[in-house]
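If you check Swiss-Prot, you get these features:
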BINDING   11, 72, 73, 102, 103, 104, 105  ATP binding site
BINDING   21, 22, 23, 24, 25, 154, 185, 186, 187, 211, 213, 214, 215  ADP binding site
BINDING   103  Mg(2+) binding site
BINDING   125, 126, 127, 162, 169, 170, 171, 222, 243, 249, 250, 251, 252  substrate binding site
ACT_SITE  127  active site, proton acceptor
């Protein structure tokens, strides 16, 4: 294999640039040319493709976002869109592709593989919801962003003796809510993977208030429901002054943590190795601090599950 491509797709996550850097430098080290595909699968279909040199990925390891940009591309879900993408890859002499993104990006890589084009998926999403890996690129950075916000919110919650509801990202996966809530000492954590009893939440808040606790932090994953609605229900049921903070897209930005930079570097380099070994249709991940790879179709057939032990611990510690 003499020429490979790399693209980022779907929602951006801190550390994607570090992964791009690793792909480019690892490939060039082995005498392989690398072409960057801009704006994800949409850019692939449009032929927005450019050769990348070592200098093109200099001074990006610390930057959030993605220098290749990213976009959603409904057209690539169609057979016609996939064939257009393969035509562009062949036109540029690209023999293998590294796809950095979430489950939707993996679906695109799987389709290309089914058409006979070798692809390797690299997990890049703040949601940490990709099967086959303990952590995804960007999760740790997003987690630290949320923790920083929780710490600041707790300061003002304490000063004003208020209850705060903090809504975080996670439509289908509660990892951000669970990990940040546990690390931030939240009184209640609501995640999509677990049922909750609003009456029980209200009762626990009242019990805490009766024993002298004048402020509380509640973390709500967006997939559970609107933080604004939860805040309204809590204030109406308890009479406690309640405020709501929706963190939103700030969770996707910022300079990646050291953990995410190292993880992205390891995963990006391994993705190149797999292509050079002639192994397409794979996705890389980290499990027990070891870099692993799986069949991408098998990984997509599985469902990410939140760590129930951590969820149980969070409830035990929030009495």
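The backbone N, Cα and C atoms fix where each Cβ goes, and this holds for glycine too.
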Work out how many Å separate residue 127 (substrate binding site) and residue 11 (ATP binding site) at their Cα atoms, rounded off.
-> 10
Tell me whether residue 105 (ATP binding site) sits in a helix, a strand or coil according to DSSP.
-> helix
Neighbouring C-beta atoms (10 Å sphere around the C-beta of residue 125 (substrate binding site)) | 26
Report the member of 23, 250 (the binding-site residues) whose C-beta atom has the most other C-beta atoms within 10 angstroms.
-> 23
Apart from the site residues 11, 72, 73, 102, 103, 104, 105, the 8 Å Cβ neighbourhood of the ATP centroid comprises 9, 10, 40, 101, 107, 108
Cβ density check for residue 215 (ADP binding site), other Cβ within 10 Å (all protein chains) comes to 21
Residues 21, 22, 23, 24, 25, 154, 185, 186, 187, 211, 213, 214, 215 binding ADP per the record - widest CA separation, whole Å | 59
Spatially closest candidate among 103, 125, 243, 250, the listed binding-site residues, to residue 213 (ADP binding site) (Cα to Cα) | 243
Cα distance, residue 11 (ATP binding site) to residue 169 (substrate binding site), nearest Å?
-> 12
Of the binding-site residues listed as 23, 25, 250, the one whose CA lies nearest the CA of residue 105 (ATP binding site) = 23
